[in-house]
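Some features that TrEMBL has for this protein:
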type	residues	note
BINDING	R54, T55, R104, H132, Q135, G261, P262	carbamoyl phosphate binding site
BINDING	K82, R165, R220	L-aspartate binding site
DOMAIN	2-145	domain 'Aspartate/ornithine carbamoyltransferase carbamoyl-P binding'
DOMAIN	151-298	domain 'Aspartate/ornithine carbamoyltransferase Asp/Orn-binding'
Amino acid sequence: MKDLYSVNQLEKEDIQKIFQLAKEYKERFLKGEKKFNDLRRCSILLVFFENSTRTRTSFELAGKILGADTINISASSSSVKKGETLYDTVKTLEALNSDFIVIRHNMSGAAKIVANSVKSHVVNAGDGTNEHPTQALLDGFTILEKKGSLEGLKIAIVGDILHSRVARSDIKLFKKLGAEVTLCGPMTMLPRHYEALGADYITTDIKEAVKNKDVVIFLRIQLERQDKPFFSTLREYSIKYGLNQELLKILKPDTVIMHPGPVNRGVEIQSELVYSSKSLILNQVENGLFIRMAVYKYLLS
Ligand code: CP
């Protein structure tokens, strides 16, 4: 496999191999091995046309730990500002003989277009509302660590499903690993044809959605992708769909809470619950590093 732009490219066996690599890297790293030579003499270009904290930093750190040289390119400081097209930008970057191009772009499908245009390995770090495959891998890996298996697990994804590339990738990956997926949100934030996303159930009733679930994933309200208001106020959204003390009482004792970040505190999750004992949010961030190391290694080999 040259590139990773969609979870569709991954068979269950690919996912398991990436998880195994990530597990091995994590164990070795936590035992004190802070430098590996697996990507020695490789170069990685991190091309981000949208803002990022977690994804960009972990892709960069993963590359450095594996011994690669990493270079950051952001749209605001590149010749994109002078009108250069995405195609010409990536062909220019390819001419620098980079081994990997990690790309985040606001256009759905951008990563696949780039992958089909260059010889470098291309990794999708989020393309519009389409996909965020490494987020799905790190989410699946985090659940696996906590629950031992995804087979038969009941997972709810709550919030702005319509605009969420994380939801699209998560659903595909969780289904491949045998989980049952329920989507929940206000009608205006739910896709009309949810079956096409591969989910099992859809509901606007948050209490019904989270009841008896092993994992509940809260999604960020993506105001930057909403050209019209999808909810009257954020306060109303938070009361009806956010995690608060009342909703907490409905969850099973062993239900875990996740969020891809960044969290709108007090909107999707009440502030004091963001890092509660049920929350795996920082585990997700930590595992993002090892999953991205594993993805580099997997594509290279
Ligand atoms: N989850 C995620 O993609 O976060 P960033 O936007 O900070 O990279």
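Just so you know, the numbers here start at 1 and follow the chain as drawn.
Even glycines carry a Cβ here, placed using N, Cα and C.
All TrEMBL annotations are machine predictions without curation.
Given the structure is predicted, the values throughout are model-derived calculations rather than measurements.
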- request: Specify the secondary structure state of T55 (carbamoyl phosphate binding site) as given by DSSP, simplified to three classes.
  value: helix
Task: Just report the maximum Cα pair distance in Å for the recorded carbamoyl phosphate binders R54, T55, R104, H132, Q135, G261, P262, no decimals.
output: 16
Message: Taking the Cα of H132 (carbamoyl phosphate binding site) as the centre, which of the binding-site residues listed as K82, R165, R220 lie within 10 Å of it?
response: R165
- request: Consider only the binding-site residues R54, T55, K82, R165, R220, G261: which of them have a Cβ under 6 Å from an atom of ligand 1? Write none if no residue does.
  value: R54, T55, G261
- prompt: At the Cα level, what's the spacing in Å between T55 (carbamoyl phosphate binding site) and R165 (L-aspartate binding site), rounded?
  reply: 13
Message: To see if you understand the setup: which same-chain residues, six or more apart in sequence, place their Cβ under 8 Å from that of R54 (carbamoyl phosphate binding site)?
response: P260, G261, P262, V285, G288
Task: Pop the Cα-Cα gap between Q135 (carbamoyl phosphate binding site) and R165 (L-aspartate binding site) into the table, whole Å please.
output: 9
Field: Secondary structure of G261 (carbamoyl phosphate binding site) (DSSP, helix/strand/coil)
entry: coil
Task: State the Cα to Cα distance, in Å, between R220 (L-aspartate binding site) and Q135 (carbamoyl phosphate binding site), rounded to an integer.
output: 14
Query: How big is the Cα-to-Cα gap, in Å, between R104 (carbamoyl phosphate binding site) and K82 (L-aspartate binding site)?
result: 19
